[in-house]
Amino acid sequence: MRWITSWCKKELTKQNFRLAGWLSVGYFIVLFLSIVIGQIDRFSHINKNPSNYYYYDNLMIHGGFIPAVLLFIMPTLTALVLFRYLHKQDASDFIHSLPSTRKTIYLHHTVFGIFSILIPQILTYISLFIVDQAMDHQNLLDLADINRWFHLSASTGLIVFAVSVFVAMLTGVTLVQLIFTYIFLFLPVGLTFLVVFNMHYALPGLSMNYLVEDVIIHFSPLTDLEHVFMETDMNWTKVMIYYGLALTILVFSYFLYKRRPVESANQAIAFHSLKPIFIYSFTSSFTLIGGMYSGIFQYELPILFLMYIIFSVIGYYISQMIVEKTWRVFGKVKQLGYFFVVAALVMIGFSLDVTGFVHRVPDPDKVKEVYVIDDDYNFTERVNYYGRQPGFNDPEDIKNIQALHEDLIDSVERHDFLNYYRSIKIVYILENGSEMVREYSLDDEEFELYENYHITNHPMYRRYSEPLFYINPAKANKIEVKSEHYNYKELKITNRDQIIELIERLRQDTLALPQEDHLNYMMNYLTIHTPGEQEVYINLAYEYESTLQWLDEQGLTKEALILTEDVERIVITPYKEDLYHEAASYETAFTDDERTIYTSPEAIDQLLRQMTAGTGEPTYMMMVYLKQLSEPLMRSLDETIVFPE
Amino acid sequence: MINVRQVQKKFEKELVVNIDEVTIEQGTIYGLLGSNGAGKTTFLKMLSGIIKPTSGTIVFEDEPIYENKRLKERVIFIPDQPFFFQHYSIKQLADFYREQYPSFNEARFNECERIFKLDTKKKVHTFSKGMQRQVSFWLALSAMPDYLILDEPFDGLDAVVRKKIKNLIVRDVAERNMTVLISSHNLREVEDLCNYIGIIHRGKYVIHRDIDDLKTDVHKVQIAYKTAPDDLFDAFNVLHHESRGSVHMFIIKGDLDIIEGYIHTTSPILYDILPLTLEEIFVYEMEGIGYAMDHVLV
């Protein structure tokens, strides 16, 4: 204890409390009102009305917007007021004239800052714990939820604080500290995004999403918000890394503090040696922004280079103005000259693709698996949710995909990435465990080339692309078959054997299905429910032959599906856009000559099988009247429809 | 004792302070003179351990001052614009000083309260500039430092308060052998207080002298001859010479007796040895080494 008392200066702490204590107190009040009171309210609602039950165990979400925003504002403000003295010459002189070493001063301020962030969170933690113990809440909250909330809040708060302290050391101006705290938090993603975007000009096939979403986004809690707020399971490794990173940044900042010249108060950049680094980084970032600006407006290549030049000049002079704190910087051109030379060399290097990035296709023998992904978002979601399914691993398939890859390399244009084309991603998992990822934006012609390889029909592709193959049939507890129109038909299957059989049939059918745009959908869909997991949704089509046959065998068809016998009549009229899809308007807008009414079971059956013929330009409107139901089901059809005799 | 050796301070590429060697003995009241921008404040901040010299050493009693907690407990720096924490009263500030400086003396604090007659519960920021300066002296002197470093301390103080503060300082020097450094751009402001004077110009020392030595060392001789000898005072260190007809005025550095002895040998019509003001001494001294003193002597 002795070392603490000798080290801890009560009056200095008091002074810190006068400066930053109000932030801490305010933060606790907000946390208490939004999170603790919020939980109490939620539980009393549920106790009063148990049907009002909703289960969501993420306290971050329950707290709402304000505590989430405060998690990024409060630590920054704390660092801002605690280290304000560094940025005022008189205060800085005074503090450093005191008989305290820089270590003592730094520790006082950072430890105070850490406590002023943690204490409100700890108090909230205790309050939540008491609420959890004292209230009857039907297991809506448990210690794990509270722990998760606490560690996510604490690690995020600390890392924001640490970054802000770090920036405080680098600058002598508080406003710069404020702005650059957030710039630094965005920097990993922002800079990568800019660099990758601009590299696309030179290197077709580069996958931006892969880099940004899979790797860099996790580097900063500010860009990792989705994970902080949405994850139902806390990623302990990440939390530990955030804690460790916060500590590392604070220790590093201490060494900066020791070396920081006191006289740099009021200077934008505290360390003389950082000035050129700042100027070149800022200029580079601006140049890259120029490239992106040019990309967004789809400028041609010469304009792109003009944009590079204009933005680099703007960025260069802005950075000079920040560093020199004056407008009169236009005489300084030497560093800009150096920048142009290096930037030109880098651009030439990338354009010539000196590393052979563009044409690289891995050696088939070294490839363990390949994924071809044309719906990256859902693929990533599935992998994050269920884990990975095996990809193509048959040597023939790998060869086939490599042929596709080489075709793509030959056909894609540098500018393709700027267009909102469909994109195809090829992910090679190599024998040594590393990944090689390429992504191509394909125009219609190139997409046709891709389709010619029939990859989406391949059972392997189906296996890793359909959620149906990811779920564990033994865990599913319910399958519902519903129909889209007012739930005209509804069937629930809860028998375990039936569930497992049905999933097996569905899988069989899925592997054998033709391409998606050749399917003839029915008016029925099916959902597979697994407790604690997302449900799997399948739109039934006539091509699910084995499934339909199974339903028939089990005698469930009549109960589950809308069949020909359920249809009273089908009316077909020309399509009129201004009538919208209102049955009554369609009924009255046309004369009997323009309308055709079908009532024979054969005609109805034939029409029902063509309900999805609506992908082209709408020409007809089909209204299906079900028995005992006044409102018809409406579909627009294109001209490919074949009318019954 | 303060010892400064080969100290340089650069702000970026600009050399602001460049001092070869200066020693300040215990119990000295040292006046540091120089025009604005001469590097006085930077030098004092280095002496107080606030900023770190780019190169060279500053030691107090053989210990470096920078980052030296134990030593800094005995050193107080009062800047030209006194700084106080926002919204602190004198009492709260005293609590702060009491914790920082172990030698803080309650009796002295109470004594100062009687001398300065300021409300210790009022926030310091509501005081006038002159009153704030008094508060800074009050707190500094209560901490009983062995080294007191003052940057332009008497700006904005009226004559009465100035006198009170000077008395307090002199008393501490006499009683406790406190060492005081005072910077000023005005010689007259500090000449009655200091016993040592240093002048810096563009970061460099031009003079570093004991005032008593100076006064006994430099003499103003007015002398008249019918025909003056050609080699008059050639053997002496003449700082300045003027003549109006047969009357000559010499400023001579050297021992008074030897000068008088020499004068007798040249049999002048009449001669006078006059006292010099400190200001005159400096003007002539600086002239001797080729510096203009205009701005130091406002």
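The backbone N, Cα and C atoms fix where each Cβ goes, glycine too.
On a predicted model such as this, the values are computed, not experimentally measured, just so you know.
Among the features that TrEMBL reports, transmembrane segment is placed at A:20-40, A:60-86, A:106-130, A:150-170, A:182-203, A:239-257, A:277-297, A:303-323, A:335-358.
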With pairs fewer than 6 apart in sequence excluded, do the transmembrane segment (A:335-358) and the transmembrane segment (A:239-257) have three or more C-beta pairs that lie under 8 Å? no
Excluding the flanking five residues on each side, which residues at least 6 beyond the ends of the transmembrane segment (A:335-358) place their CB within less than 8 Å of a CB in that stretch? 199, 201-206, 276, 279-280, 283-284, 287, 308, 312-313, 316, 409
Tell me if the transmembrane segment (A:106-130) touches the transmembrane segment (A:20-40). I count contact as 3 or more CB pairs below 8 A, with pairs 6 or more residues apart. yes
Surrounding residues of the transmembrane segment (A:182-203) on its own chain - C-beta under 8 Å, 6+ positions past either end: 72, 76, 160, 163, 166-167, 211-212, 216-217, 219-223, 285, 288-289, 291-292, 295, 304, 347, 350-351, 353, 357-358, 414, 417
